[in-house]
């Protein structure tokens, strides 16, 4: 019995062992299957659509499957085929560095590998900072190609491949030198599966552990439902907020049929993905045909559902469609870039990664929204508000969620929150714990946002964890995209949101508005209006419209009607327009009365703010906007013998092609703008129906509606660029006038020459087609935007016969220092093109015979893209195309600043398309030369063949030079012996900041525009040269007054000319520094028929301590015709100045503007309004003056003006 019992126990033990082994094997198989499915889903979301599923790395049985796939993470770069990961290290933040390049994963060599390089990897992967940068294949040897070697990161790059390196696949390494990284976010045990992984399995509870980095959730474009296998994404649309709609269902991504698909359905998608609202709901496979199952059909959303699959539909996998009917969405937050970004990019940001789809727990999205900053431990959300776009503001900081105090909390702060979370704009900024009291730390207090910041924590505040608040003061936000489920609409709602009700001006009964209060406008053109327009707008309105159009375009803004409560300084109800340029926003104007002015942005963004106070109400305003390309030019072509000049078919240049204008709505006012823009006088006729023949290019504009006062054709209202319903049989034309013909030169004063800075235009000899004067010496300087070239065309040349008497000279740059391209004489014609962005035309006549003269037009076109040079205030930026270098046999790494190869400051930024050097004027070997009031900064770039006995390719030398106040050669290439030399010289600008001040103390700048003043009031001006070079000085050469903003020759009054004071009230003040000048004069106006006065001041830039410079010579008397070149002057136009009038109907706060100094003291301080002006750049700043009588200045030849 004892032996039997022992045998029985042994058998039972063997049975248990076998059972355990079997169970373990089955579990491992299940785990492997699950891992394979997860990897497949990962790769499916990380590859561009053109790659078939069979080609996806995650679907192959490759060696990567044995290298702990659970702990591998990838971060993508800007190129579609670049990604980064750490493998074989035990968790996602340590391991061997691998890069996905051209479809294959490869390693990085450890030559020069250090913690600077490792820091870039850790930051890119959202893994904190580098703890260690081990080499020698510390995490095992890789199997793919060795992609990068000799990396020399500074530690601040966004992507590892942005660091200087020896070139892709250029190395001298083996896999035994594979580089690795250990980041601060690495797990400290490789045997434990990290907590965040548990949310990816079906059997585990979906809890977010503290180990999930802050950036994980807000950057994904998938939105999960309560079922583990449901998620949403947009693919193949170029960015994360537009594309084909795809749903993850039962482990596979599928499409949605476009039957009944409309903006209500699309709105649900955009809201669910945090992409704003629906701009469009395209069907018919607009973003390409999908390849998976068609999951949903006949969707009938109301637009308020939380998830797309919550809408009524025909059932999962029930449809009668094909993939040619796949539905798409374009959301308001979609990028406006034409660059195609692969599908996998949509789930991440450039500096972080989030490869998660179904792993996000369902409860995360419906009630909270997070938005991550670049720091791994910062995020933002709204909680306890009923949906993702309203609630208590909470910030994730150092691993814990905390609240924000409501001290100084307002809609500017709330706007930043709403924009950061993709929730539209701020409807309200409630405090006092409106959404309940939080329980975590109070992280921020005294926030003072401008409303334009990208992140809430970028706003000025009192410091992290620094406050004097309790949780009863927790701040909240209600955004425009918040659900309208609340049963009680608060009173403040009616004046601040595009809701269903609105305050009526005389009763508490709400009236329906005709337009919302603020919003984001992303169309190429559009309209908007004040709340309830044309009804009365509400009191205490604060509306902000943010307009953003395609990159490379600018914005025009005009007003159809404007009726606000009027005040001379617009302090009650007003509209303010801001020019949103990179890194700053500048006020273009503050208005409260109707104006025909067109406001134009410098870049592709503009902000319009409307504010009303607590009393008087008016109908408000109706505004329109459109956009136009920055490189637009204008010309007339195909004129006939009846109209030899200033007539023809209207054509516009944009994007490398000339296109026509449709004649729909084309009239004399439109033609007037064309004639003025080209310097062709007034419009005589505006023929349509292809009067000058049909064009062959694109039809660029249609439905043009000019008022006749615009400065360019594209400032006029139109249908949008390349949007039309026309054919070339409807091409528009113009016939312009010319001044009256005279046979003898007039005995009156004349002006010739000047500075032309438009992209295209025209000019002519004095009195053309009347006879030009004797002894003329006229110089026209033409400067267009950087890296463009100028082409001038002479259409009619009637000069004295023989080139030794009267002639025209064309210079490739400023005429005193540049090569002569041609001398044009009687009867000649043709066109000439500069090698840079600057050209000078000089016209000379002798003492005898005169004739009709000439007229010419010019236009600009882009120069070669192989090399570019930009001259900025404190450094130059030289860019060279990598394809150009490759064509010469060099790689991007071969190009250096000789002698400065190892200085970090002097190393280039290398991308796949160009090599860019940022070269300071004060270092990296830059040479400064001062000559004749001109400062030239020069340096060189070199790519040389390695030393050896023989060589088979030329050395490359590139000379770069910025001549401040002089000219440029760009992309002039010539061969010299065995060296290929490229000389780049760029014409640069000095910037001058000029402002009006309220008194001689120069403490308070004047902000209002126009600037209303009393007759004979002292006007104080300060101009400052903005440049880092302390050896420069500024001098006021000439200031001329005119009643016209663009004409300073017909009727003028001199304040100071050539340094000689002409007006007895002009007075200069001592200079606080050589770069600042101050002066004053008394206000006046030109007779009673001219209500405004404009000033044109010419500022001269000199060497500060040069006794022979122009700044030291003071008053200089010189001949009128000795115009020389304007290259040392900065021209600034100021105006209009208008007489201050009192408004009797205004409240008792109005007082006569007797002493602006006292007003300044009472108000504390004024905001500054300064306008920067480059060389020859005409900048309009509002100022003002008026008249009641007149006074003659006949002795000086000055026009009649009034000062008493």
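Cβ coordinates are placed from backbone N, Cα and C, and glycine is handled just like the others.
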Of the residue ranges 1147-1167, 1168-1188, the one that Swiss-Prot records as transmembrane segment: 1168-1188
In terms of DSSP three-state secondary structure, what is the assignment for residue 570 (disulfide bond)? coil
Going by DSSP, give the three-state secondary structure for residue 675 (disulfide bond). helix
Whole-number answer please: how many Å between the C-alpha atoms of residue 183 (disulfide bond) and residue 153 (disulfide bond)? 16
Between the domain 'CUB 1' (517-628) and the domain 'SRCR 2' (232-332), are there three or more C-beta pairs closer than 8 Å, counting only pairs 6 or more apart along the chain? yes
Where does residue 752 (disulfide bond) sit in DSSP terms: helix, strand, or coil? coil
Specify the nearest of the disulfide-bonded residues 163, 173, 570 to residue 706 (disulfide bond), where nearness means the distance between Cα atoms. 570
Only counting partners 6 or more residues apart, tell me which same-chain residues put their Cβ under 8 Å from the Cβ of residue 173 (disulfide bond). 109, 110, 111, 146, 149
To see if you understand the setup: which same-chain residues, six or more apart in sequence, place their Cβ under 8 Å from that of residue 301 (disulfide bond)? 264, 265, 267, 268, 308, 311, 312
Would you please pick out, from the disulfide-bonded residues 321, 675, 716, the one with the fewest other Cβ atoms within 10 Å of its Cβ? 321
Quick one: of the disulfide-bonded residues 122, 163, 469, 570, 1097, which has its CA closest to the CA of residue 675 (disulfide bond)? 1097
